[in-house]
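Taking it in order: structure first as structure tokens, then the write-up.
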Amino acid sequence: MKVLLADENSQRAGALARLLEADTSLEVILLEAHTSLMDAVRSHAPDIVLVDISRADRDALDSVRALSASGLERPVALFVDEDDEALMEDAFAAGVCSYNVLDTPVKNVKPLLRSAIALYDRFRKTNAELLAARKTLSDRETIDRAKFLFMKQERCREEDAYRWLRKQAMQTSRKIIDVATEYLAHHTRTPKA
Amino acid sequence: MSTSCRIGLLQLADSAPVLVACVLNIFSRHGLEIAPVVVPSWANIADGLVWNGFDGAVMFPPLAIMTALGQRGRALDLRPGLPLSRGGNMLVLRGQKAEQALWDAEPDKHTAFKNWQQALGRRPRLGVVHLYSTHYLILTRFLSKNALNRDTETDIVIMPPARMIEALAAGEIDGFCAGPPWGADATLKNLAFAVAGSASTMPGHLEKMLVLKEQWKADNPNAEARLHAALREAVALCNTPAQAPFITELLSAPMQDGGLGLPTDALKAVLPGTTSTPDVMVFDTESQSTEASFGWMLEGMQAEGWLTPALLDTLKTLGWSDRHGAFHTPAERPAR
């Protein structure tokens, strides 16, 4: 069975390809960069297309069935498992879906889709952790900058500066990072001439 | 406690009322917590409604109808929603002033199209935003009116509206029919000239609606009325020419800053109050009769062979049609 992976995230596409290639009955093709989904489907004639749902050209595959000019001999359509709603919801939540050649038996698709969901989830989690880590780092930097500016302005110690930020946050029911950001914005504004 | 609602949108000027109501706290005043979700394609709008937690979406009726009928994925109970905009779609063809002058000078548009095609030197590739769109139906009407066969004399390429300009510049397509502000953007960038659109093909047609899931309505009684009231307020603001600079700034802001990343000059050319294009977009929440709103779309869709008599009956129960007479059958398809 020929599977086309359409994902602009080359790292994720590569990881999914390695995962699927463990099954020797599958021939896995990666969509080349700057190739449209339709062109790739036309030239490779896959049985299944696993698509990253953030790909804007996915709309073209939606139309294949009705568009006689699409030039595809074997019509493809969005794979829908009517009996397994959770699988479909998980797939869209993870950001992946499958387009199948209409005569491909459904039983072949679900394990593939499950592998893709697991992998996409893993990538999403790693990405979210990375973003959270970056945010924590940048929050800490902002608080430090506000603290040092306060120390300079008020000629006080670091503990006093932090205590002042924390007190402001408690009194106004906000986070320390928000108070720090506001303090910096207020005190580093360029004075008008 | 406020009612939450996730609404799917695309990068289009007619998404403005939802963003305006968010930014100006109109929704929150009506006790609503609206999360607009901007997605890259119409397929994501339909799948978002069916599988991915959207409670509603700003969309054109043909896609809502085909989604309701389960013709692209699982069937979902969707009924006509609040109208948001009318018209605004533009059909543009590759060329600059010289090509436009030739087009304008030839009163017979069949000949004008053939002359343009000859200069192009290939079968024209025309971009449309989705198969199940008002744009596809309008393009089909335009070609049919001018005795041009869409299926044998053109190649239809489906791509999202925000990709059209890049595709035109790269020579992937030779023209397109898309919603605002993309047609105006193509003409302002001297990539294409306008030949037709909503105003000349189907004046005043319903374009975008806010479609809500029946499940959300049932789970949140009275919320629909509040949501509509909030959007009516936002639409009144969107239609005020004095607000155009604010709307332009809002829609042209980058996506990461809560905007839609739309081109500023093109927005100025299509927002209400401007007269630079006949295909100016109108925000309008007034409901018309079912027949006036959807009759021409259902005729076009049936002519394409998308709607069987059984599906048409389902549409009647869902409120998309109240016609007693027959629609065109495929055999009576209008001449193309």
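Using N, Cα and C of the backbone, Cβ positions are placed for all residues, glycine too.
In TrEMBL, annotation is done automatically, which means it is predicted and not curated.
Look at TrEMBL and you will find A:2-117 tagged as domain 'Response regulatory'.
Feature annotation from TrEMBL assigns domain 'ANTAR' to A:123-184.
Secondary structure at A:Asp52 (4-aspartylphosphate), as computed by DSSP, is strand. All protein chains considered, the CB of A:Asp52 (4-aspartylphosphate) has 21 other CB atoms within 10 Å. Positions annotated as 4-aspartylphosphate by TrEMBL: A:Asp52.
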Mean pLDDT over the domain 'Response regulatory' (A:2-117): what is the value? 85
Please work out the helix, strand and coil residue numbers for the domain 'Response regulatory' (A:2-117) from the DSSP assignment. 50 helix, 23 strand, 43 coil
